[in-house]
Amino acid sequence: MLLSRFTSVFPRNVIVRGVSTLTSHVDRNYLVRSSFDKCQRFPFSDSKQEAEDVKKKCEEAAAKKKCAEAAKKEKEAAEKKKCAEAAKKEKEAAEKKKCAEAAKKEQEAAQKKKCAELAKKEKEAAEKKKCAEAAKKEKEAAERKKCEEAAFKQKCEEAAKKKKEAKKAAELQQKCAALAKKEKEAEMMKKCEEAAKKKAAEEAAKKKAEEVAAKKKADEAAAKKKCAEAKKKAEEAALKKMCEEAALKKMCEEAALQKKCAEAAKNAKKTDSET
């Protein structure tokens with residue numbers, strides 16, 4: 001009823017224009033054209049049934065459009081959600097990958113640090129071993145040098161001792177030679193004196209027999225005295241020689257004992273160093 005009044009008041013082209021505004025589909029004859037598949041072109045009718053059909057179809061078309069838009073929005077929302085979830089998963093995967101790479105780098109750095117520390121310790125151990133070997137070699141060289149110096153010192157001491165002994169022996173020999181020379185000179189002098197006395201006695205015997213006899217007695221007494229003195233001197237010289245020989249023997253014994261003590265001390269020192 002209301003629709004018939006509405007159609008009777010407004011011209012057909014106005015109503016069609018109004019419907020076209022709602023549906024957005026109008027042909028050149030001002031006929032409504034639905035955008036849905038089930039809507040067909042139809043001429044505008046003044047009848048109530050046709051108006052209701054049009055209204056119903058328009059409402060259905062609007063509902064379908066609204067449903068399509070809602071479905072589209074839901075689809076877009078689902079797509080957005082799906083994309084967001086995919087992006088989130090990609091982001092999480094990237095974060096995991098980043099964390100894994102960081103952990104790998106940290107592990108590699110720790111391994112490198114550990115290897116470097118191990119290499120450093122090995123290097124320090126090698127240097128310590130090298131230093132210990134060098135110190136041992138230096139100690140051995142010092143001990144060898146010390147032994148060589150001790151041996152050289154002992155050799156020098158022995159040479160000096162031999163030289164000193166040779167000098168003493170030469171001095172003793174010289175003294176003995178001088179003493180023998182003095183004894184020989186004394187004996188020669190005695191012989192000369194005896195010859196002179198004999199000659200004088202013979203000459204005096206020619207002059208005075210009594211004087212010769214008396215002088216002979218005096219000469220014999222003097223000769224006895226001189227012989228006693230010479231004998232005494234010879235005994236003193238022999239005693240002196242004996243004392244010098246005893247002193248030399250004692251000196252040689254002391255030198256041998258000193259050498260023996262030095263060898264014993266050297267052997268004891270060598271035994272201590274070996275232990």
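Every residue, even glycine, has its Cβ placed from backbone N, Cα and C.
The repeat '1' feature in Swiss-Prot is assigned to 64-79.
Positions annotated as repeat '2' by Swiss-Prot: 80-95.
According to Swiss-Prot, the feature repeat '3' maps to 96-111.
Residues of the same chain that lie 6+ residues outside the repeat '4' (112-127) never bring a C-beta to less than 8 angstroms of a C-beta in it. Sequence annotations record features per position, and here Swiss-Prot assigns repeat '4' to 112-127.
Taken from Swiss-Prot, the feature repeat '5' covers 128-143. In the predicted model, the repeat '5' (128-143) has a mean pLDDT of 90.
Each residue in the repeat '6' (144-159) gets a DSSP state, and the totals come to 16 helix, 0 strand, 0 coil. Annotation source Swiss-Prot lists repeat '6' at 144-159.
A Cβ distance under 8 Å defines the sequence-distant neighbours of the repeat '7' (160-175), meaning residues of its chain 6+ beyond its ends; these are 244, 248, 251-252, 255, 259. Under the heading repeat '7', Swiss-Prot lists 160-175.
For the repeat '8' (181-196), the list of distant contacts is 223, 226, 230, 233-234, 237: same-chain residues at least six beyond its ends, Cβ to Cβ under 8 Å. The annotation repeat '8' is assigned in Swiss-Prot to 181-196.
Feature annotation from Swiss-Prot assigns repeat '9' to 197-212. When the repeat '9' (197-212) is classified with DSSP, helix, strand and coil residues number 15 helix, 0 strand, 1 coil.
Annotation comment: Swiss-Prot describes 215-230 as repeat '10'.
Same-chain neighbours of the repeat '11' (231-246): 172, 175-176, 179, 183, 186, counting only residues six or more beyond its ends whose CB sits under 8 Å from a CB of the stretch. Taken from Swiss-Prot, the feature repeat '11' applies to 231-246.
Positions annotated as repeat '12' by Swiss-Prot: 249-264.
Beyond its flanks by at least six residues, the repeat '10' (215-230) meets 186, 190, 193-194, 197, 201, 204 of its own chain at Cβ-Cβ distances under 8 Å. Within the chain carrying the repeat '5' (128-143), a Cβ under 8 angstroms from the stretch's Cβ atoms is held by residues 273, all 6 or more beyond its ends.
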